[in-house]
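So that you can see what the record holds, here are the features copied from TrEMBL:
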type    : residues                                                               : note
DOMAIN  : 35-375                                                                 : domain 'Aminoacyl-transfer RNA synthetases class-II family profile'
BINDING : Asp107, Leu108, Thr109, Arg134, Gln150, Asp154, Arg303, Tyr307, Tyr308 : L-histidine binding site
Amino acid sequence: MNALGVVSRRLCAGVAGRVSGWSAHSLRPFAGITVSQGTRDYNPKQMAIREKVFNTIIGCFKRHGAETIDTPVFELKETLTGKYGEDSKLIYDLKDQGGELLSLRYDLTVPFARYLAMNKISNIKRYHIAKVYRRDNPAMTRGRYREFYQCDFDIAGQYDPMIPDAECLKIVHEILSELELGDFRIKVNDRRILDGMFAVCGVPDDKFRTICSTVDKLDKMSWEDVRSEMVKEKGLSEEAADQIGQYVSMQGGKDLAERLLQDAKMSQSKQACAGLTDMKLLFSYLELFQVTDKVVFDLSLARGLDYYTGVIYEAILTQNGPAPEAGEKGEEGVSVGSVAGGGRYDGLVGMFDPKGRKVPCVGVSIGIERVFSILEQKASAEKVRTTETQVMVASAQKNLLEERLKLTAELWNAGIKAEVMYKKNPKLLSQLQHCEDSGIPLVAILGEQELKDGVVKLRDVHSREEADVLRAELVEEIKKRIADV
């Protein structure tokens with residue numbers, strides 16, 4: 001029996017553990033060394049999952065015709081100030097070094113608005129994937145960090161009502177469906193409906209934003225706790241709070257919008273009626289996009305950011321995720337919280353334009369870290385490939401390093417992803433075991449006889465079938481096999 005046959009039998013018998021120097025990264029931190037609170041490192045398996053998710057999201061954004069931009073990780077402090085309501089306290093300010101007062105970006109939306117105003121851009125469909133920073137209380141197991149990625153898609157420009165808004169919701173539906181995270185629901189509401197509701201319920205104008213921030217906590221707190229905060233902390237009358245409670249319990253679709261247009265109180269607010277009319281139009285477009293099975297008009301949805309002016313939305317997972325935090329209520333028994341959110345912000349660009357020129361905008365942000373947390377848990381027991389190597393160049397005898405390097409270079413030059421072991425005379429068993437451990441599908445094996453015959457022995461790692469391939473035809477054969485996988 002030749003050497004390759006012996007090795008094959010030993011591999012089939014399950015011999016050989018991981019080869020030293022080629023094992024997967026199992027990094028263990030030294031005692032006393034850690035990362036900053038609310039941040040984390042990512043090992044190769046985690047990065048492979050992240051890359052797959054990013055590719056799915058970017059593919060969807062590009063399918064909808066978006067182009068990409070980038071902005072600085074820090075902005076002038078004045079750029080971010082006054083845009084986030086009560087969440088402004090979460091902005092990271094940088095220490096004054098004797099120059100400009102700077103802050104780390106809190107999200108990608110405000111820098112995008114600044115970018116539009118500064119460059120006098122009135123129409124763009126863009127996506128932006130980058131890290132943002134918040135001085136939040138981190139909940140690492142639930143995907144809430146102080147440093148994290150956001151994946152934003154926004155449409156800027158003057159268009160007919162609700163068409164871009166409907167496309168943003170379609171994008172959320174596509175991404176969550178393609179990622180197979182589990183069942184989900186997309187809640188929609190409108191800031192004009194909220195403000196009209198507050199007005200007819202007797203909320204003073206100067207309390208609209210602060211009451212809105214409290215209503216925004218309904219996904220984490222009971223109505224009793226939210227009501228208590230509005231009355232005891234925000235100074236709202238009990239009567240007004242009770243009237244708000246009647247409305248924020250309502251959910252539905254186009255039918256709810258039609259019903260509220262006939263409501264004795266809501267119909268008194270021009271602002272609410274405008275929002276409800278647009279909500280009916282939005283649902284008619286969502287029906288055409290075939291996504292109404294996952295979308296619900298929910299009057300409890302508030303989203304606390306100050307810059308929203310119209311439609312707002314938020315996607316939540318209702319199963320297959322980490323257990324909810326204490327006090328976080330689930331829908332239909334289980335909820336893992338928001339995985340996407342966004343809305344219309346028609347006035348934000350005008351805040352940065354010297355002439356107050358407004359550019360209507362609507363967009364959505366995918367809560368990518370929470371998505372990662374869910375997919376990492378799902379893949380915890382699975383084997384995930386961390387490289388894309390397509391073929392390993394190996395040798396069956398000693399003193400063939402130069403030949404292996406030459407063949408590897410040929411494969412690289414042909415655009416094939418190839419590896420070679422960094423030893424002069426590695427054991428064939430070690431080379432084949434590395435392929436099995438790493439998920440490399442093919443091995444190109446060189447031996448003295450193969451070199452004399454002008455062939456390469458091509459081995460399928462999974463089936464262990466081998467075939468002699470002419471050296472001149474090797475690249476074509478590898479590409480053919482890879483295409484068939």
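Even glycines carry a Cβ here, placed using N, Cα and C.
Annotated features, which come from TrEMBL, shown on the structure.
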{"residue": "Asp107", "record": "L-histidine binding site", "Cβ contacts under 8 Å, 6 or more apart": "Tyr84, Val132, Gln150, Asp152, Ser365"}
{"residue": "Thr109", "record": "L-histidine binding site", "Cβ contacts under 8 Å, 6 or more apart": "Asp152, Asp154, Tyr307, Tyr345, Leu348, Gly363, Ser365"}
{"residue": "Arg303", "record": "L-histidine binding site", "Cβ contacts under 8 Å, 6 or more apart": "Asp216, Ile312, Glu314, Gly341, Gly343"}
{"residue": "Tyr308", "record": "L-histidine binding site", "Cβ contacts under 8 Å, 6 or more apart": "Arg191, Gly343, Arg344, Tyr345"}
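Taken over all pairs of the listed L-histidine-binding residues (Asp107, Leu108, Thr109, Arg134, Gln150, Asp154, Arg303, Tyr307, Tyr308), the Cα spread reaches a maximum of 21 Å, rounded to the nearest whole number.
When pLDDT is averaged over the domain 'Aminoacyl-transfer RNA synthetases class-II family profile' (35-375), the result is 89.
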